[in-house]
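Q: Here's a structure for you.
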Amino acid sequence: MRLSPSSCQPKAKSGLFNGIWLNWEALSQAERVYATGIVLIPLWWIWGWSYLLLLLACGVLVYEYRQKGRIELKPPHPLIIFLFAHSAYGIIVKILYGSAHPHVTFNTRDFTGTLNDFIAPAILIWYIISKRIRVRPQVVAWAFSVLVITMLLFWVVIFFGWREAEFNPPRSIFATLTGKGAEFVFGAGGINYLRPYRTGDISIAGFARYFFFFPTPEALSVVLIFINLLALDIKNRLWKFLLLVPGIFLLLLSGTRSAWVALTLVMGVRFLLTTGKVWGKRFIFALIAIISFVTLCLPPVTNIILDTYNNSAKATAEYRGDSTDVRSEIYKRTIKEIQNSSDIQFVFGFVEEGESVLPGYEPAKVGSHSLYLGSLLYRRGIFGTAIFAGYWLSLIHYIYQTRVGRPHAPLLFFLALSLTFFVMSLEAVLMPMILVAVGTGEHKPKLNWRKTLTFNEVV
């Protein structure tokens, strides 16, 4: 379907909901695509999450061309230019690096991976911006509510039925078609096997570490950060409660500490935003002053806070201690490699990840487990890092610039991701979630930014 501006406007036949179900006739074409894509995430998992964005981008462009005989797009936003530059830079550096290191080759898989992970999302974001596509937050919240219910039911089956037993997971459809091994090998790629949980790791209260329909626990946490932030924007208190509580529970089951911390911090930011909207800036500054005075000037309170912080930090460090130790070693050796790098390596990066810091565990390599330190500074260098920073800051600026008609969730989602990137790399679901965040909102008259700095709630 061609997602033209008119097709992105909701139809006025009847209400958005028919009981607990979406009224399909009241949805725009874009809303139907978004809702269907989110609800069918379990099927994308069974497929293997492979090349979905590339197929979607090709489908959108082909349909647009067949409908109009040409593809009409507005001049690209700076974030699109930066994302294309990021993709091109990765390809060029890999080719040049391979010419000097015969054991490294830029193969078809590298090219198609870049197409799917960066170029296709750039085209889709460009299309969304050009066509001014907006999907009402209620539609997105409903679709994610269905997904959360599905994950909860799956957890009930796994915990009470399977008893979280260890098993050899079956291959995804894509892995079967491409001849991947039938025997699961840890570190061989989460998208190749239908593995909803990991018994070797503990999340909370002795539970296994879950990731349900996603390649990794970190990927699940990225989705749940957005779901929980969107739940806070729901006006209907019952719906808010029924989405937020399970969402937080599922996030805890993922065992992703960085996501827990990031979500807590951005929830605090959201509290300040909503408090300022209701009580004004003076109340916020007064509240900050009171909290600062109580915590810093009253010794008994200060001691309690320091003791609590120290105990929490110790507990967090001991939680999955092996993971903490391994990550610490990865970061230390990555920093050391960057410090000892040549001028060319410092500017353009090492391109490839370094050696493993844990023999027998392939993913634990120098230059991994951090977007900022590993994927960018180590592998892309200062130049590549600057390109990605231009893209990311332009994306956040665009969301803020188009905040009228949007809930809080999209902007806070990107702020939370910016925090998790210190200890998390780019996940397979990141670009699809960016598409969701960019498209979430409603068309409303543009207001004077000097008078209106607030966002909307939904439902």
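Here the Cβ of each residue, glycine as well, is placed from N, Cα and C on the backbone.
Feature list, courtesy of TrEMBL:
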type	residues	note
TRANSMEM	44-65	transmembrane segment
TRANSMEM	77-99	transmembrane segment
TRANSMEM	111-129	transmembrane segment
TRANSMEM	141-162	transmembrane segment
TRANSMEM	207-229	transmembrane segment
TRANSMEM	241-263	transmembrane segment
DOMAIN	243-388	domain 'O-antigen ligase-related'
TRANSMEM	283-306	transmembrane segment
TRANSMEM	381-400	transmembrane segment
TRANSMEM	412-438	transmembrane segment
Q: Examine the transmembrane segment (77-99) against the transmembrane segment (381-400) and state whether at least 3 Cβ pairs sit under 8 A, considering only residue pairs 6 or more apart.
A: yes
Q: Which residues, given as numbers and ranges, are at least 6 beyond the ends of the transmembrane segment (381-400) yet have a Cβ under 8 Å from it?
A: 77-79, 82-83, 85-86, 89-90, 93, 129, 345-350, 372, 406, 410-411, 414-415, 418, 434, 437-438
Q: Assess whether the transmembrane segment (44-65) lies in contact with the transmembrane segment (412-438), where contact requires at least three Cβ pairs under 8 Å among residues 6 or more apart in sequence.
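A: These two segments touch.
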Q: Taking 3+ C-beta pairs under 8 angstroms (sequence gap of 6 or more) as contact, is the transmembrane segment (241-263) in contact with the transmembrane segment (111-129)?
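A: With fewer than 3 qualifying Cβ pairs, these stretches do not touch.
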Q: Of the listed stretches 111-129, 207-229, 412-438, which one has the most C-beta pairs under 8 A with the transmembrane segment (141-162)?
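A: Ranking 111-129, 207-229, 412-438 by Cβ pairs under 8 Å to the transmembrane segment (141-162) puts 207-229 first.
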Q: Return the average pLDDT for the domain 'O-antigen ligase-related' (243-388) as a whole number.
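A: A mean pLDDT of 77 is what the model gives the domain 'O-antigen ligase-related' (243-388).
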